[in-house]
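Here's the structure, in structure tokens; my notes come after.
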Amino acid sequence: MQIIVNGKEEVLEKSTDILAFLQSKKLEPDTVVVELNGLIIEKNRFPETLLKSRDQVEILRFVGGG
Amino acid sequence: MNLSAPDLFSPEKDALIIGGHSLSSRLFVGTGKYPSDTLIPGVLAASGSEVITVALRRVDMNATTDNVMQHIPSNIRLLPNTSGARTAEEAVRIARLANAMGCGNWIKIEVISDNRYLLPDGYETVKATEILAKEGFVVLPYVNADLMIARSLVSAGAAAVMPLGAPIGSNRGLQTKEMLRILIEEISLPIIVDAGIGKPSQACEAMEMGAAACLVNTAIAGAGDPVAMAQAFGQAVAAGRKAFLAGEAAVSPGRAYASSPLTGFLS
């Protein structure tokens, strides 16, 4: 199935929860914030939130800025 | 309250209170544009700053990038900005996402749709401030040095007003000096001069005028030695604050006025 992550298409072989997806991308869950179809997903809900076909996912982190 | 001089001049007694939080340093620093983020702990230690700004951006899924947060000590207050927002709606979205990072409820509202001068949109900034203040954020909006916008921000529930001295990253100093003076005089909230400060002397001047604090990024990050420059800014801000509290002596136009007695000369 296809999802859109940060504006780019990603293909998932099977349904995956957010925590597993982040881990597959070598991202520490504590260092990012995730928005799924426009809704913020609290970190404690990463393991139980499954990604579905055509989901729009935004994964953000803090970077240097003024 | 009648403070004696030593009390008045101790940073603890002259704390800056923002959103109920007491700060002894009146210099806020940014984390952008450093040659290496590993300089950030040294900049914080040398400047004494207790507040630092960060931005929120998409993770690049195809690159392993350094995490700026690993360079920021946990006792430092994080002030995420809403850079990238072009409307109030986008600023609110970024603020909520920043809050979900779990690093506090302070937010610097930055709504910019002008790409050449990066000047803030006052109307959208006021709208975002109103929404976020109601949600419990400690809102520090970046705005033009404009009295009417500042008054609207007071009504909207801002915790401070952050007018620009000059366009972002320009290092041109207090180009808005007269308007800053009016804001300091008229607005009851802390006035934090943000953007454009290029040299410690300019930060010092803002503090001498009665600004509550200064936010400096480019002038430190772009310095030959950012850590040494951070220390110079920390000292300049403290000196300017002390001078403001001390009350400057009167300016006399025209002729000179002798500092030494005009009697008892050798004959």
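Each residue, glycine too, has its Cβ placed from N, Cα and C.
Annotated active site, schiff-base intermediate with DXP per TrEMBL: B:Lys108, in sequence order. If you take the C-beta of B:Lys108 (active site, schiff-base intermediate with DXP) and look for same-chain residues 6 or more apart in sequence within under 8 angstroms, you find B:Thr53, B:Leu79, B:Pro80, B:Asn81, B:Thr82, B:Leu140, B:Pro141, B:Tyr142, B:Met162, B:Asp194.
Counting every protein chain shown, the number of other Cβ atoms lying within 10 Å of the Cβ of B:Gly169 (1-deoxy-D-xylulose 5-phosphate binding site) is 18. Sequence annotations record features per position, and here TrEMBL assigns 1-deoxy-D-xylulose 5-phosphate binding site to B:Gly169, B:Ala195, B:Gly196, B:Asn217, B:Thr218.
Marked as domain 'Thiazole synthase ThiG' by TrEMBL: B:18-261.
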Per-residue pLDDT averaged over the domain 'Thiazole synthase ThiG' (B:18-261) comes to what? 95
Non-local Cβ contacts of B:Gly196 (1-deoxy-D-xylulose 5-phosphate binding site) (under 8 Å, 6 or more apart, same chain)? B:Leu164, B:Gly165, B:Ala166, B:Pro167, B:Ile168, B:Ser170, B:Asn171, B:Arg172, B:Gly173, B:Leu174, B:Gln175, B:Thr176
Identify, in sequence order, the recorded positions in B:Lys108, B:Gly196, B:Asn217, B:Thr218 that approach chain A with a C-beta to C-beta distance under 8 Å; the answer is 'none' if none do. B:Asn217, B:Thr218
B:Thr218 (1-deoxy-D-xylulose 5-phosphate binding site): secondary structure state under DSSP, collapsed to three categories: helix
For 1-deoxy-D-xylulose 5-phosphate, with binding residues B:Gly169, B:Ala195, B:Gly196, B:Asn217, B:Thr218 per the record, max Cα distance (Å, no decimals) returned as 9
Would you mind listing, in sequence order, the residues at least six apart from B:Ala195 (1-deoxy-D-xylulose 5-phosphate binding site) in the same chain with a Cβ closer than 8 Å to its Cβ? B:Tyr142, B:Leu164, B:Gly165, B:Ala166, B:Pro167, B:Ile168, B:Gly169, B:Ser170, B:Leu215
